[in-house]
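As recorded in TrEMBL, the features of this protein are as follows:
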- B:11-66: domain 'PAS' (DOMAIN)
- B:159-380: domain 'Histidine kinase' (DOMAIN)
- B:404-520: domain 'Response regulatory' (DOMAIN)
- B:Asp453: 4-aspartylphosphate (MOD_RES)
Amino acid sequence: MKSANDIDKIFNINILGNGTRPMLFAHGYGCDQNMWRFLYPHFESDYKIILFDYIGAGKSDLSSYSLEKYDSLKAYSEDIITICKHLELKDVIFVGHSVSAMVGVLASIKAPELFSKLILIGPSPRYINDGDYIGGFEEADIQELLDTLDSNYLGWSRAMAPVIMGNSDRPQLGEELTNSFCRTDPEIAKNFARVTFLSDNRADLDLVTVPCLILQSKKDVIAPKQVGEFTAKSIKNSTLKILEASGHCPNLSAPEVTAKAIKAYL
Amino acid sequence: MTKKKETDSENISRMKAALDLYDNAPCGSVSFRKDGMIFDLNTTLSNWLGYNKNEIINKITLPSLFKIGGQIFFETHFFPLIQMQGFIKEVYFDILKKDKTILHGLINVREIPESDDQPVTYQATILDISDRWHFESALLKAKQKAEADSKAKAEFLSTISHEIRTPLNSILGIGNLLHKTPLNKNQKEYARLLLHSSEHLLSLVNNLLDLSKIEAKKIILERVDFNLYDLTTILQQTFSVKAKEKGIDLIVNIEKEVPMYLIGDHVKLNQILTNLIGNAIKFTKQGSVSLSISATNVNQSEVRLDFTVSDTGIGIPKEKLESIFQEFSQASYDVSVEFGGTGLGLTISKKLLELHNSTLTVTSELNVGSNFNFSIEYPKSENINSKKDISLLITEEHSFSSYHVLLVDDNPDNIFIAEQYLNQWDVEYKSAESGLQALTLLEKHNFDLILLDLQMPYMNGYETAKKVREMSLDKSPIIIAFSASTKGEVKEQLKEAGINDHLPKPFQPKELYEILLRYHHTSHNNKITTSPLEIKTVKKKTTEKNNVKPVSKKTESFNLARFEKMANNKPEYLKKFRLSTLDAIISYQKDFQKAITERKVAKLSELIHKSTMSLYYIAAEPLSELLKECRLILAEDSKNETLLTAKVNECNNEFTCIINGLREA
């Protein structure tokens, strides 16, 4: 059995904020908990903020990763439940970006008693078009993306870290900020990409009982509007809100707008 | 006046030159706004991309020129980093040209800060590195191929080792049993040699397997509570016999500060220490071998343990000190001849220590002795109730009375061997040759423990275990899986199927005994009556001589000699062997027909693999050869259909011959 201390370390759990009601922020693919840095401060005064890194991302314990275990999103959703139980969280407001939205959906189906609300940012139950369903990608696109990752040639699998030295016009760029750059283990990222982009969770949406807010950027190459609409239609008790933001990461590109939408819902 | 004119024209020509340089520079240049929209680019880039400038400016965003992976990367990593530090240097992107071909580009970006009414913009320089990209790709491909080849070799090694382990299981089992039967002095010595050699072979194969697993990064460290003192006590017990034989002292020296209860991978620690102590004893002719453990850097929750294994042995020449850690290298050829061994132990120990972020260091003086030293940091365990190591219980006496075991294995030989052990330990058992049969037995009888083979046809071990867990039984039995799988059992899978523990094949009787003891011990605290490890001699039963004769045909399609030997004069065993083999052969013939009709080489290979042992036991060499010939023909691109038909007919004749023969016998 893993000891309590282990779980904190394995998932690099950080707890912030002055409130008691827990908000669990789950980062998306290729990122780590730093992707929330502009968003969570909006909730610090009223909520208990829980940040963590999935195994393979950020400062998580890479040795806890195994190919066999993490071959589906289910394993990631079990990690969410583990974290909630370990921290003895109740009435959790789950905020999940991108693939984490589906991870949250799966976790809420398995343990609905833990969650009070799901905030899904840019969710997609399936990225690949299928008959009438528009996922935004052709199978060939996804294959190409996976091949790109496999070829190990894209910048994110190389050492892409911020440079502190010789940047005198930006004195604020201290070590702390440098550390806020999202990191992810390239090998694990490859497998995570496979699990993410080949997943099909459309059938699971019907099973969600926890109320959901779906946030969708006006322009998002990864999860187009139709996907947000499909998700909203499939989940009972869900609200779709189109954000005045462009890009797949409104939490980075338009944190104020995103925070406002979440606050309005809560 | 003239001067000013000159300056103006100089300025103009300088500006022209600058503009010209911008437009026709050997690198692309593009300016974009915060939303990615391009508002300017130079001629070089528009030429590279095959667009007119006006097709791009204010119409296309920079990320939309990337492939999908690049778009995601731009949004999640690239652009946030630019915003964070104001510039970015030489990051690679695939850039899509108008004709959908790819420009391999390195992109540098710098932020132009906002000024007056101008919002912040970004200026990117793009270098065409297509040539470099092609070279690098070729190198990458070569590297990948080399890695894949090496992985394939490792897998081949691992597969072969497993293949060897399966028959070795039988050799060891039979050897163990043989050793315990009444034998004359010569026979006893032969049996001892047989057992000794097969144990040696097993340890060699296990080492190879370990090494290939480490190389394939398939080994991970466990984190469990363990008792260090138990571990060293067992080591001392294990090696005391050998040390006594050689007349050397075996000393274990643990400092007082060393905590007893730790969290970590005790199996790996045991393996490392076993290797080192085993080596030390092997290379020491007189004097002593000692294991010392000391603790440093002790804090509230963690401790760093220093382990030293020293001997007064032959020592290692200076120039060999480095190479002893390499695979298959002992200090010299003579060493391997004189002392035996594979030279893998140190390599494995070193690699296991690397997993612990530790290293193995050695100091040595020729003819004086060697010191092997390593340190591992362990969290201390608060769980002082960590299970007593079961090996320590073995010396105690133990009875399995009223302990009911169900044995499930599709291979009758494996059942036979396990049954012999269970008989000797007075364990009550029933056997099933399939998952289904096991379930039927479970409906009628109560069992405390199930020994379950994982690889069975129709319903494999995982499925069987799941079904057992679904049954509403009065008492839920412990399920122990055993298997010689090439893949290695994944703990999660075992757990998910409701399997409690796992015993890799081939197992030593001691290992089977230990696992029975462990689970029996946790369920009962029985009174102890017999001494089980001293396997009781099988009482020689005077059964009438076997009436079954070897079936002899023209070229002898098969014979039962091997089974007769294994049945040990027990006709009921022979009958059981015969009938189960009959069933197997009938199903193999069906599989064969299917593989041939579907022209599936893979299916035929699977069949050949599956049937190896059965065909071996009945010495069906002709069929075995014919199947392989069929596979060869089937694997060829231009199949010789006539030859194939002929060989298939021959195979079928053999099948029929064996099936009839087994029925009649």
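Using the three backbone atoms N, Cα and C, a Cβ is placed for every residue, glycine included.
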Intrachain C-beta neighbours of the residue listed as '4-aspartylphosphate', sequence separation six or more, cut-off 8 angstroms: B:Val408, B:Asp409, B:Asp410, B:Asn411, B:Asn414, B:Gly461, B:Ala481, B:Phe482, B:Ser483
Structural state census, the domain 'PAS' (B:11-66) (DSSP three-state): 28 helix, 13 strand, 15 coil
For the domain 'Response regulatory' (B:404-520), residues assigned helix / strand / coil by DSSP: 51 helix, 25 strand, 41 coil
The domain 'Response regulatory' (B:404-520) [mean pLDDT, rounded to integer]: 81
